[in-house]
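Chemist: I grabbed these lines from TrEMBL:
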- 9-125: domain 'Response regulatory' (DOMAIN)
- Asp60: 4-aspartylphosphate (MOD_RES)
- 127-154: coiled coil (COILED)
- 147-189: domain 'PAS' (DOMAIN)
- 219-269: domain 'PAC' (DOMAIN)
- 578-605: coiled coil (COILED)
- 608-823: domain 'Histidine kinase' (DOMAIN)
- 718-750: region 'Disordered' (REGION)
Amino acid sequence: MSGTADTIDVLHVDDDPAFAELVATFLRSEDERMTVSTATNAAEGLALLDDGDVDCIVSDYDMPGQNGIEFLEAVREHHPDLPFILYTGKGSEEVASEAISVGVTDYLQKGTSSDQYAILANRIGNAVSARRSASEAERRRRRLEETTARLEVLFEDSPDMVNVHDASGSIIDPNAKLCEATGYTHDELTEMTVWELDRALSPAEAADIWDGMAVGESRRLDGVYERRDGSSFPVEVHVKRLDLEGADRFVAISRDVSERVERERKLEQLRERTQELMYTETFAESAGHAVAAADEIIGAPLSGIHLVNEAGDALEPAATVEPLSDVFDELPRFERDSSPGSRAALVWDAYRSGEPVYVDSLSTSDRVTEESPAESVAIHPLGDHGVFIVSSKERTAFTETDRLLVEILANNLEATLDRVVREQTLRTRENRLRLLHEATRDLIRADSTREVTERIARAAEEILGFSLTVVRLYDPDEGGLVPVAQTEAVGSVFPEREVFTPADGSLNWETYESGEVRIIDDIESLDGSVDRGTGLRSLMLLPMGEFGTISVGETVPRALDDTDEFLARILATAGETALQSQEQRADLEARQTELERQNERLEEFASVISHDLRNPLNVASLNLSLVAEECDSEYLDGVEHAHDRMEALIDDLLTVAREGETSTAVTDVELASLVPNCWRIVDTRGATLVTETDRTIRADEGRLRQLFENLFRNAVEHGSTSPRSHARRDAVEHGSTNDGTEADDADGGVTVTVGDLTDGFYVADDGPGIPESERERVFEAGYSTSAGGTGFGLRIVAQVAEANGWDVRVTESEDGGARFEFTGVELVAE
């Protein structure tokens with residue numbers, strides 16, 4: 001080793017002298033122990049290596065003459081363990097791989113950051129420290145081997161079996177322990193070979209092992225020694241090669257590992273058995289596997305597993321080894337409150353404490369005074385599930401290995417029982433959820449509120465297992481929560497259930513008002529509860545919104561867990577939804593009845609208009625035609641105009657009456673197509689239509705046509721009148737027909753625009769507009785400022801909007817005219 005422990009001599013080889021000097025400066029600043037010599041090529045570096053002490057070489061790769069790899073190969077010829085770090089700016093995976101194959105200590109690429117020098121200094125320090133440590137360790141190892149070799153010659157008093165044999169396998173010198181263990185005499189063993197003693201070793205295998213060992217090297221072997229009587233036993237052999245006065249000798253130190261091998265065999269059996277436990281599905285199946293394993297592996301024929309019963313007052317047999325039934329007339333059941341000194345009390349001590357109990361001799365133990373067919377017993381608790389009892393008729397029958405095996409088996413069984421509980425709970429929960437889902441659909445299909453509540457109570461009992469369930473609904477006449485449905489067991493356990501009101505301070509009313517689920521683990525712990533003394537112990541109260549509550553009870557405390565609450569919440573929510581559905585259905589039926597009556601009245605009104613007014617008008621119009629054929633009078637035009645106005649009035653009245661009926665013909669309507677069609681139907685008289693929408697909306701197309709046609713007529717007939725002050729008064733005509741005399745005097749055409757709103761559309765014109773003071777009244781039936789108007793046109797527009805569920809309002813357009821905005825329109829996504 002070069003240098004001293006306090007210095008690190010570094011040789012840096014790089015064809016760039018300036019960089020080499022820079023690296024030297026940084027290395028010295030990073031670690032003051034370092035001294036750095038530099039060379040510009042491999043030949044110069046080898047010369048410096050031969051002349052002085054070097055602890056580590058740092059070399060570039062790309063150098064003239066020899067590159068870094070070739071330099072490394074040259075160094076390794078004479079310095080196989082000298083640290084060599086390839087520090088290059090032209091690295092690659094190929095270079096790194098080649099360097100590693102040649103024996104490079106470390107590989108580092110040059111960078112631009114000054115941090116690289118700290119990394120390089122660290123790598124140098126680590127490499128040098130590792131080499132120095134290895135050298136020191138090698139010296140210590142050699143000294144130790146020399147000392148050990150001398151000591152191992154003095155093996156006669158060793159507690160282990162020892163023999164010395166030569167390279168041919170002949171036993172030269174066995175110790176007394178080997179003779180004792182095998183039954184051979186010293187002379188008999190010296191006449192044998194190693195493979196005659198160790199039946200697990202062949203001559204060829206022995207030769208391969210010995211030839212591959214250096215002096216001082218040791219090997220560990222597993223063997224099987226054969227005794228003089230022909231029996232055998234497993235051994236662990238440690239062989240060491242020594243050079244004794246120039247002769248190869250092998251010292252074999254052996255130890256009987258029968259107990260260890262047997263323990264490993266049992267552990268392997270136990271591993272296989274515990275793997276079987278992973279696939280069990282019930283407590284009985286799991287317990288059966290465990291007791292079979294105890295009998296097979298430990299050899300305990302008086303073993304059994306006892307699990308705590310549902311009441312928690314006894315540990316009852318779940319599985320036993322078959323011979324146990326031959327010992328007991330009736331398999332033991334251990335009562336919780338058994339007297340001290342009994343076997344049951346001992347078992348319950350282990351169960352309660354959660355700690356295993358071992359008794360080597362029950363007949364002499366102070367803990368058990370009761371006579372027992374077993375003498376040795378190991379009781380291992382299984383968590384909350386029960387106990388695992390392993391017993392034998394022999395005293396002190398269980399070794400430390402047996403106790404370890406019992407502990408491992410019991411722990412695995414406890415984990416298995418936990419898993420079985422989780423899986424059973426999960427299966428039960430999934431099944432209950434499935435049934436609960438079906439029950440919620442049944443709730444929605446119920447025909448009445450009472451049927452809903454009865455189905456809630458039935459689902460609580462049959463699906464969730466709540467035998468004590470009461471459903472209460474709020475009754476405004478009673479001013480409280482009235483029981484309307486309950487499970488059958490409620491009547492036999494409790495007296496008649498009363499009405500709960502705000503005044504009585506009941507838990508039900510608190511739950512109803514707060515809207516929060518409440519769980520009481522033990523009713524008896526609540527002062528002033530109306531249910532104390534009734535036998536009810538556990539209670540869960542669930543609100544059903546504004547409708548009422550569900551009460552779930554049990555006769556034992558702390559009987560309701562998180563799963564019960566989760567499922568009960570689902571049922572309560574489903575019940576609330578079903579009750580809302582019943583309420584909505586009742587409201588809908590009442591509304592339908594009212595609509596039917598309204599439609600009947602409207603139809604009757606329409607019939608009167610259609611028959612009682614139109615027939616006389618038709619007669620008058622026909623007579624007018626006959627009179628016009630016989631004479632020519634200037635008054636006939638006025639009469640004909642009056643007839644036309646009456647006809648228009650009748651048409652508008654019929655439209656208003658029939659628009660009150662419910663709309664059902666809702667389809668997708670493209671405004672860009674519908675608007676021009678409606679425009680062509682109206683007498684536009686030189687007006688202009690601008691369509692600024694390409695939307696598709698959901699609407700009753702027939703009624704939407706009526707809406708646009710009436711708005712277009714209103715804009716065209718009243719938006720072009722002059723002067724503007726007269727036109728403004730005329731613009732609120734609201735009629736779908738007109739005699740057209742005002743429009744004949746028009747001095748210009750109106751422009752009507754149909755465009756988009758965020759959730760609807762608008763129709764605007766650049767006419768005189770509608771005064772703000774009159775915008776609230778424009779949709780009233782019969783309201784008109786025009787002498788020729790019927791007053792129903794914009795009323796029809798409002799009814800169409802209402803029938804489609806839209807909102808409509810009148811405002812002023814950008815050009816000062818009228819603008820009708822329709823919002824709340826259902827848009828069809830593009």
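Glycine too: its Cβ is placed from the backbone N, Cα and C atoms.
Since this is a predicted model, take the numbers as computed values, not measurements.
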Chemist: For Asp60 (4-aspartylphosphate), name the DSSP secondary structure in the helix/strand/coil scheme.
Modeler: coil
Chemist: Based on DSSP, tally up the residues of the domain 'Response regulatory' (9-125) by helix, strand and coil.
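Modeler: So the counts come to 56 helix, 24 strand, 37 coil.
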Chemist: Please list the DSSP helix, strand and coil residue counts for the domain 'PAC' (219-269).
Modeler: 12 helix, 31 strand, 8 coil
Chemist: Within 10 Å of the Cβ of Asp60 (4-aspartylphosphate), how many other Cβ atoms can be counted across all chains shown?
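Modeler: Excluding its own Cβ, the number within 10 Å is 24.
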Chemist: How does the model score the coiled coil (127-154) in terms of mean pLDDT?
Modeler: 71
